[in-house]
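Engineer: This is the structure I have questions about; it appears just below.
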Amino acid sequence: MRTFWIVAVLLVGVEGNLLQFNKMIKIMTKKNAIPSYSSYGCYCGWGGRGRPKDATDRCCFVHDCCYEKLTDCSPKTDTYSYSLKSGVIICGGNDPCKKQICECDKAAAVCFGENLSTYKKRYMFYPDFLCTDPSETC
């Protein structure tokens with residue numbers, strides 16, 4: 001069920017930030033966000049609970065925390081400006097909210113890239129009912 005909602009949200013929001021986040025992930029990991037990160041572990045995808053399963057899942061936990069810190073922003077739909085220079089993502093634009101969203105997405109994409117060696121296929125489409133450990137706080 002969680003996977004269905006993730007795909008539905010991603011399809012509805014393709015004009016917005018989620019498509020941009022997918023592109024950043026592709027740049028940093030050479031993987032498509034769907035299916036690689038759309039329902040990975042306890043935090044990648046819609047919602048999150050429990051303890052992150054590994055370093056990749058922790059990237060998603062930190063990304064969720066980053067979004068939570070944004071006030072008066074719409075991180076799942078706002079579009080932002082960014083460029084790529086020598087393999088480095090540069091967030092741009094004059095809107096502070098959109099720039100912060102971009103920085104959250106950039107940090108997660110970089111984190112995914114840095115943790116490719118520990119990525120575990122067994123955590124793809126991980127059922128959230130198995131995320132029973134006490135949740136961490138941001």
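Cβ atoms here come from the backbone N, Cα and C positions, even for glycine.
Remember, it's a predicted structure, so these values are computed and weren't measured experimentally.
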Engineer: Can you match one of Asp54, Asp64 to the Ca(2+) site that Swiss-Prot gives for Tyr43, Gly45, Gly47?
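Structural biologist: Same Ca(2+) site in Swiss-Prot: Asp64.
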Engineer: Given the recorded positions His63, Cys66, Asp105, state which is nearest to Cys44 (disulfide bond) when distance is taken between Cα atoms.
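Structural biologist: Considering only the listed recorded positions, the nearest one is His63.
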Engineer: Quick check on the disulfide-bonded residues Cys97, Cys102: which one has the highest count of other Cβ atoms within 10 Å of its Cβ?
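Structural biologist: Ranked by Cβ atoms within 10 Å, first place goes to Cys102.
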Engineer: Tell me, how many other CB atoms lie within 10 A of the CB of Cys59 (disulfide bond), whichever protein chain they belong to?
Structural biologist: 25
Engineer: Can you give me the Cα-Cα distance between Cys138 (disulfide bond) and Asp105 (active site) in Å, rounded to a whole number?
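Structural biologist: Roughly 16 Å, rounded to the nearest whole number.
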